[in-house]
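Visitor: These came from TrEMBL, pasted as-is:
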| type | residues | note |
| --- | --- | --- |
| TRANSMEM | A:52-69 | transmembrane segment |
| DOMAIN | A:53-285 | domain 'ABC transmembrane type-2' |
| TRANSMEM | A:89-114 | transmembrane segment |
| TRANSMEM | A:147-165 | transmembrane segment |
| TRANSMEM | A:171-196 | transmembrane segment |
| TRANSMEM | A:203-224 | transmembrane segment |
| TRANSMEM | A:264-283 | transmembrane segment |
Amino acid sequence: MNGGAETRTATVEDPQFADSVTTTSGRTGSTAYLAEVWVNFKRWNRKALRNPFIVVGSVVQPVVFLLLFSEVFGGVVGATIGDAAGVGYLTFLVPAIVIQVALIAASSSGIGLVNDIENGMFEKVLVTPMRRSAVFVGKTLSEMIRVAVQGTLIVVLGVLLGATIETGVLGALAMLGVAVLFSVWFTAFSNVLALVTRDQESTIIGANLLTFPLLFVSSAFLPIESLPGWMQVVARLNPITYGVDATRTLMIEGWNWSALAPDLAVLVGLDVVFGAVAVFMLTRASSARV
Amino acid sequence: MQPVSATTSSPAETPRRAAIRADGVSVTYASGTEAVKNVSLTVPEGEFFGFLGPNGAGKTTTIKALVTLLDPTGGAVTVNGFDARRDRRALRGSIGYMAQETSIDLELTARENVRFACEAYGVPRGERTARIDDLLALVDLADVADDQAKTYSGGMKKRLDVATALVHRPPLVFLDEPTTGLDPKARNRLWEYFRRINEEGTTVFLTTQYLEEADQLCDRLAVIDDGRIVAEGTPAELKARVGGDVLSVDLVDADAVTVERAERVVRESGLLDGEGVVSRTDTGLSVTSQRARRVGTDLLVALRDAGILVEGFEVHSPTLDDVFLAITGVPAGERVAGANATTGAGR
């Protein structure tokens, strides 16, 4: 066996070779970047529409939560909470369910990526000249549309059941904006989980392991003050609390910017950090040292 | 952008620019596995280059290092004049890549898959529709262009995969075992496409474990085994390395004891005059010798006289199966999983 053999054939040096090669990757600037985002955004939206079960299925659980919690939980603690907040339990609950919808939609984002990894599309995308961040942003924007649609469904259902929105229609839209903002960090987290595990079951289990504890150790279903002492500490560190508090401020208090601003700042910070990690992981996906 | 530097040249060839140049490329995974060890190769523009090796030899890892899907842990790669570390985006825009596993979005239609590739590679908007139609016609999917890809057969999916890899008309295409798992008809159709794009000037880098495929398509080959390139040359040159014709003997009882005895009989017969190679195969023996045609009958008689029953025999010019056997010392059928299905390797 000739261990030292290497393939050598006659070639000639051409300093202008690269310049003469037809490459389609010459797109530069913000327009090109947006075009790359748009390409990915379209693909993921198209896939979502082809699979309505995911869109419909992931909204069923929050709807059930809304109905069950408002009926069962509301009867037990609703009066206390309602009195404290000055509103009915349903009005208290709707912001939490809107954030829950965002959380569930975001948690399933990684499953799509694992599918891509399994059917080879992930590599196909990575080997194109598209920027990794544009790939991530396009996919995330598509998830945001889903969050907004599902959030709208919850808000409309809540209003139909008797919930009131202090800030009106504009506030309802702002609530959806908060939900979308909230969804980004968990979408990024779910995608990171997918890139690390490269396995559907692990991605689902990993996301679910966090989803429910995070929901219950937060201000979602009960005021923080009513939680046990240690839980209050965790709840104040829990991103869900900031999402729920911001939407609840809009739902119950109005345009209270001194309450909204810190919550939104935390969400933006989380989005930037987790988004950066996701893009880093996407870039690192082409390293042998993974 | 760095220019491609010159490599060794032969006066017999007209020098061309190097579409691919790899210098001492090594890939060691985090687990410590050395998948590719100091691989160097140069592929000139317009060549149909075959990268041949058994499963796990390092073919796919090498191709991934060349297309920037893996960062080599050592060495340097230049493709189409672009450095694989510094000019990644430009490099990616200048190549087509078809992975070993079919890589299409099953939820999209063929037309949508090709359009996605068009947009991802920045094909000018005005050219997209015509190019999509042309490509879908080329791969015979025009009639089902608006059906979701998940309804396609394996061969149709592969053909769609080819279309998405060619959509931006790259000057260089990497094909990683493109016909693995396909039936002969589907494989032949893909071979036609590959030949056609190569004739039109596209450089093709093909990895395969099918010796017949490499023999049929490639201008030049490199054989990789255990992460190292162990041979290179044209198919004819590699066959010449075998050193003669090949007598394949199938035994009625091909158990280890009988085969060993048969091997001893052939070696001790004196008929090979001290030259030639005797190797064991799944079904008997392979005798490679300049004298194989002349003494073949006498060898069979020697085996019969020793009480070893011969089921069949064949004398033929060396094939790449024989090259593989000569280079690696192991029959291709034992190293190349699935090769028997399409090439008859291993007999």
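Along the chain as shown, the residues are counted starting at 1.
Positions of Cβ are set from backbone N, Cα and C atoms, glycine also.
A TrEMBL annotation is a machine prediction, not a hand-curated record.
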Visitor: Quick test of the contact rule: Cβ under 8 Å, at least six residues beyond the ends. What residues does that give for the transmembrane segment (A:52-69)?
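Guide: Distant contacts of the transmembrane segment (A:52-69): 89, 93-94, 97, 100-101, 104-105, 108, 146, 149-150, 153-154, 157-158, 161, 221.
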Visitor: May I ask which of the stretches A:89-114, A:147-165, A:171-196 has the most CB pairs under 8 A with the transmembrane segment (A:264-283)?
Guide: A:171-196
Visitor: Could you tell me what the rest of the chain brings near the transmembrane segment (A:147-165), counting residues at least six beyond its ends with Cβ under 8 Å?
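Guide: Counting only partners 6 or more residues beyond its ends, the transmembrane segment (A:147-165) has Cβ contacts under 8 Å with 55, 58-59, 62-63, 66, 70, 87-88, 90-91, 93-94, 97-98, 101-102, 105-106, 171-172, 175-176, 179-180, 183, 250-251.
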